[in-house]
Every structure is written in structure tokens, then in C-alpha cells.
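What TrEMBL lists as Mn(2+) 1 binding site is D8, H10, D41, H197. Per TrEMBL, the feature Mn(2+) 2 binding site maps to D41, N79, H114, H195. Per TrEMBL, substrate binding site is recorded for N79, R80, D122, S160, N164, K167, H195. Annotation comment: TrEMBL describes 4-199 as domain 'Calcineurin-like phosphoesterase'.
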Amino acid sequence: MVSYFIADLHLSDERPDILGAFVRFIRSEAVHADALYILGDLFEVWVGDDITNHTSQTVASELKKLTDTGVPCYFICGNRDFLVGKRYLSECGIQYLADETIINLYGHKTMLLHGDIMCTLDEDYQKFRRKVHNPIIQWLFLCLPKFARIKIAKNMRMHSQAQNQNKSDSIMDVTEQEVTHRFEQHNLEWMIHGHTHRPAIHSPFNDERQRIVLGDWYQQSSVLSVTAEELLLEGDKL
């Protein structure tokens, strides 16, 4: 038996190749799983459940078929799709998990999170994150007309890309302090996250405790498969 973990697909109508890879993964692999966990940034952008496109409709259809077969699917929002709401999750048949959820994964105490909350050296981003996760600000944004939300999201993305060009890789990565704090506070054995687009399996304490970083799907897929015996992080070129 196996559970799968994915993140950072950044699905959009502009990248049908990624959508195709996702559909193939759902139909050929996830359908046989104990569970599927999506750890954020499934979509490139999400500005409300009332705005749909071919990609969002295809994803909903495929995930609903998957969950209807009895495979549970769980979703943690990322920094691109934190506005995914109950309506869309219901259409997909998937369950929402809070960031930093702890589960028992085949006997291992494991924290699941998107990962951006641990990038504390990027102070500007953390300030932005606190603002956009404010329920009042989210409600006000979702009250705006569709065209306004789309325009704002586009402008914010362009601004973010410009800022990131001037930031070092270390600033945009998780910090050792944040990782250590969570392992010690919760007595974790494993931590699984995405966000940084740096797929790897780390042993931060030189023991059996492990931090697994999921990769993005820009050039190839990135899937973590977990069984009672092993962890395997792999991908195929799109």
C-alpha cells in the first residue's frame, strides 16, 4: 500500500502539458493509493471558486472520479491557491487540511505543510502572507468583480516576480531554525513540504528523522510515494 504526495504543479490553461501529466498520474497511479495529499500550489493562481476555466474543471472532474473510487484526497493551500474554497473542494470531493497538519503516516509522526511559513528570512513575503491570510481581507477581495480580482492577481504576480529576481536563494528557502523548532516542538519523525522547488530528502539531524521537499512540475513531475517500508521521491519528464 502506498500514499502519494505532490505540490507546486502550478496548473493553468497556459501549460496543458502539466495538466496532461497530472491526469495521467491520477488515472494510472493515484487510483491505486491509500491516499493522495496535495501540499499547495496546485494552481498557478486562484482568485475565487466562481472563476472557472478548462484546467480547474478538468482537475475537479479527475479528483472527483478518484475520490468516488474510495481514494481519499487531502489539500493544503499554497501561496498561489490559498483562496481555494469549500465550493471547489466539494466539487473535487477532497478534504481541506490546515497548514502544519500532523498525521500518523505508516507509524511515523509526520508534519505536512506547504512550506512558505518557514521562509522567515524573506521578511517582505512573510508580511504579505500575514495580510492575504487575514479572513477579512480575503472576504473583501472575493467581493470584488471577477475582472478586478483577475487584474489584481496579475499585477501582484508581476510585482512578486520582479522582487524575487533581487532575492538570494537562501532568503527564499526555509530556515534551519524553523525546521528544528517544529521537529522538536512536536517530536516529529518526518516533515513533508513543497514551495521551494528544491526536491530532496534531507536528514537534518543525522538520524532517522527526515525532511522531504517536493519538487515543482515545470519540467518534470515530482511525486513522493510512501509505504511502510520506504520513501521514494521521483519524477518523469513532461
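Just so it is clear, glycine is given a Cβ too, placed from its N, Cα and C backbone atoms.
TrEMBL does not curate its annotations; it predicts them automatically.
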The domain 'Calcineurin-like phosphoesterase' (4-199): mean pLDDT?
96
Just checking the binding-site residues D122, S160, N164, K167: which sit within 10 A of D41 (Mn(2+) 1 binding site), CA to CA?
none
Neighbour count first, Cβ atoms within 10 Å, every protein chain included; then name which of H10, K167 tops the list of binding-site residues.
H10
H10 (Mn(2+) 1 binding site) and K167 (substrate binding site), Cα-Cα, nearest whole angstrom:
21
Long-range same-chain neighbours of D8 (Mn(2+) 1 binding site), Cβ under 8 Å, sequence gap at least 6?
G40, D41, G78, G194, H195, H197, L214, G215, D216, W217, S222
Closest of the binding-site residues to S160 (substrate binding site), Cα to Cα, picking from H10, N79, H114?
N79
Taking every protein chain shown into account, which of the binding-site residues R80, H197 has the largest tally of Cβ atoms within 10 Å of its Cβ?
R80
When you average the Cβ positions of D41, N79, H114, H195 for the Mn(2+) 2 site, which other residues in that chain have a Cβ within 8 Å of that mean position?
A7, D8, L39, G40, C77, G78, R80, G115, D116, G194
Restricting the comparison to the binding-site residues H10, N79, H114, which residue's C-alpha is spatially nearest the C-alpha of N164 (substrate binding site)?
N79
Whole-number Å only: compute the distance from the Cα of R80 (substrate binding site) to the Cα of H10 (Mn(2+) 1 binding site).
8
With the Mn(2+) 1 site defined by D8, H10, D41, H197, which remaining residues of that chain have Cβ atoms positioned within 8 Å of the Cβ centroid?
A7, L9, G40, G78, R80, G194, H195, D216, W217, Y218
Could you list the residues of the same chain, at least six apart in sequence, whose Cβ is under 8 A from the Cβ of N79 (Mn(2+) 2 binding site)?
G40, D41, H114, D116, R129, H195
Out of these binding-site residues, D41, D122, which one has the fewest other C-beta atoms within 10 Å of its own C-beta?
D122
Hey, does DSSP put H10 (Mn(2+) 1 binding site) in a helix, a strand, or just coil?
coil
